[in-house]
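Below is one structure; the comments refer to it alone.
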Amino acid sequence: MILVKIGGSVISDKTRKFHFRAEVVKRIAYEISRFFPEEKFIVVHGGGSFGHPLAQKFRIRDGLKDYSSRHGFVVTHLAMVDLASRIAKCFLEQHVPGFPISSSSVFITSRGKIVSGYLNSVEEAIRREFVPILFGDVSFDVEKGIEIVSGDEIMVYLAKHFKPEKVIFLMDVDGLYTKFPGGELIREISASELKELLTKLEGSAGIDVTGGIKKKLEAVSELVHYTEEVWLINGLVKDRLSMAIVGNGIGTIVRP
């Protein structure tokens, strides 16, 4: 099994509201189709310019306050369902039965951290040769009433449960760099070296209420406990995903 995270910066321009890169998603789906169904996949995608601006506008991370926060909770979720539906349609065009599963119906959080998850539907979808598509979403939260559950948080929870062969993050850059811009691409890094790098990195452009690259790398440093390798690659470049799947990728590999 392979877990694939399609970053919000890959499927959309985060600086343009409700922008969707359909051709990019179709190409990603095509690359998955070359290995499916012999290889099992779970896909998780970020919010991009669909979920993040709305979550910020309605201050979802402030918790459940009044009708406005309830209204915003629903509107943000509907935007993410719309995005997931668009992605699933792109997958179907490439003969991959990607099936959206609403993360807010699967996970309960405590201050944004998953405390429980009902994965039966994910397991059944995989067993029947579907590709489950989960996504960063709003969540019901035991401490704050409502919160955001990020795609990266979902990736960690899924990896703990399924113990995938590898985890692949599709980003809008080639991987991790010694510094950005202008640094060298780090081709391989250990979990301990990654923790040192965390303190030197800054967030990427655009609005991202889930914490940007720093939170992503914190998730990666946890993910390496549950998989053999984590790949960080450029999802905007043709064949990078295919190459990573077979173990020949251009990008950064993180190992325990």
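Heads up, the Cβ atoms here are built off N, Cα and C, so glycines get one too.
Unlike curated records, TrEMBL annotations are generated automatically.
Model, not experiment: these values are computed from the prediction.
Here TrEMBL has GLY47, HIS52 binding substrate, and the candidate from GLY145, GLY151, GLY175 in that same listed site is GLY151.
Neighbours of HIS52 (substrate binding site) among the recorded positions LYS5, SER9, LYS14, LYS216, defined as a Cα within 10 Å of its Cα, are LYS14. Residues GLY47, HIS52, GLY151, recorded as contacting substrate, have a largest CA-CA distance of 12 Å.
For the recorded site, SER9 (ATP binding site), the DSSP three-state label reads helix. Note on the domain 'Aspartate/glutamate/uridylate kinase' (2-225): its mean pLDDT in the predicted model is 93.
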